[in-house]
Ligand SMILES: Cc1cc2nc3c(=O)[nH]c(=O)nc-3n(C[C@H](O)[C@H](O)[C@H](O)COP(=O)(O)OP(=O)(O)OC[C@H]3O[C@@H](n4cnc5c(N)ncnc54)[C@H](O)[C@@H]3O)c2cc1C
């Protein structure tokens, strides 16, 4: 058994193990005393493993963890899966990332529920790999370990006063976690009443999710499973304009067509962008665009936005801007409280290089965009954890088709990796 430093977690682990024991199928494992648990666990383990099962530990219970468990249980029936999860509940970003107005995406949980009902599967929540669990513990008890703990940090902007205490500036992970009920962000308290403009930095789907939630009618949101406390705050929101800012041009957006189209269809909402730049980029790179179907579709959707001219609310796609500084209000300079965000200063860029490798180069010109709420949405990154080789440059665990490699490129026996930790934080559930 892994060495737990917390008695409660040790008992929780034993209960989860017993829940899958072929000898012991008690309805109410949670009522057992510690003494009883310890005494039966060893005989249970013997019986559980008597037909030489393949013991697999999976770290992380997002889509990558569940897909791994699903395929192993299907393809290799003697497998027993123990899935360890840092949070008390499973499903990772499907629960705490996917927007509440996308219930059709969240439905993938039903498939994961089926895996969870398999008697060869056990979920062990509230156990964090790297803290309560180490690779040596796992090696002693399992034939193989699959790391699928995702990408649990935000990419910073890397600007000078980013770490100053400034009110109403959030990472997308925090804001998304807040409206989705992730316990650690429940008390985020974004103030949506003192500004009519939000600035979202980043041109990816998460930036679209956040913007859509800010602009969608709360009557519609109330029919989703958005948290009640977030809905209350959104009901009082004064945000009418959302400006999404990216450092490169229209051909470099990382949206998917479905999400972009959805944004264009928000009722009562105008769309602004630099249509001249859009036209110019498309015509100058016509071959590149026509050979890339998803990009072509995105460009068509953007062009169609020119007719979205009516509405009390608006959203804007601003290109060629890199943030350099947060501007705070001077009027509360003597206050001990964190100061309020007032605007963001950007370098104005130009594009260089071929369309597939376009880089943004500063023109030396700067511009301030005013907004009283700022969401930083540059993407998520994985973190290195004890005992798992990590490629700092790529932000992933080095691997050969999922087999973990050490930093010299040699296979590490028994260790595997899947999901965002394997290939980087990009793509959707279906490609995980
Ligand atoms: C805001 C947002 C919205 C998205 N919306 C969509 C969408 O609409 N449609 C779509 O198809 N895709 C969407 N995606 C992408 C999708 O969520 C990912 O492709 C998918 O979740 C990646 O799966 P994963 O298992 O690698 O990581 P995760 O889902 O992040 O799962 C990792 C799990 O590991 C756990 N963990 C972390 N550290 C530890 C540790 N030390 N010990 C134990 N457990 C740990 C985490 O708590 C988590 O449960 C969205 C992503 C984000 C960020």
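From the backbone N, Cα and C atoms, a Cβ is placed for every residue, glycine too.
Heads up, TrEMBL stuff is auto-annotated, nobody curated it.
TrEMBL lists 64, 85, 93 with the feature FAD binding site. Secondary structure at residue 64 (FAD binding site), taken from DSSP and collapsed to helix, strand or coil, is helix. Taking a C-beta cut-off of under 8 angstroms and a sequence separation of 6 or more, residue 64 (FAD binding site) has the following same-chain neighbours: 92, 148, 150, 418, 419, 420, 421, 422, 432.
The NADP(+) binding site annotation in TrEMBL covers 203, 204, 205, 206, 247, 248, 259. Note: residue 247 (NADP(+) binding site) has non-local neighbours 320, 321, 322, 349, 360, i.e. same-chain residues 6+ apart with C-beta under 8 A of its own C-beta. The secondary structure of residue 247 (NADP(+) binding site), as reduced to three states from DSSP, is coil rather than helix or strand.
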If you count CB neighbours within 10 Å, which one among the binding-site residues 85, 259 has the smallest count?
259
Name the one residue among 204, 205, 206 whose Cα is closest in three-dimensional space to that of residue 93 (FAD binding site); these are the binding-site residues.
206
Under 6 Å from ligand 1 by Cβ, which binding-site residues from 203, 204, 247, 248, 259?
none
Which residue among the binding-site residues 203, 248 has the fewest other Cβ atoms within 10 Å of its Cβ, if you could check?
248
Given residue 206 (NADP(+) binding site) and residue 85 (FAD binding site), what distance in Å do their CA atoms have, once rounded to a whole number?
23
Suppose we draw a 10 Å sphere around the Cβ of residue 204 (NADP(+) binding site). How many other Cβ atoms does it contain, all chains included?
21
Hey, what's the Cβ neighbour count for residue 206 (NADP(+) binding site) at 10 Å?
25
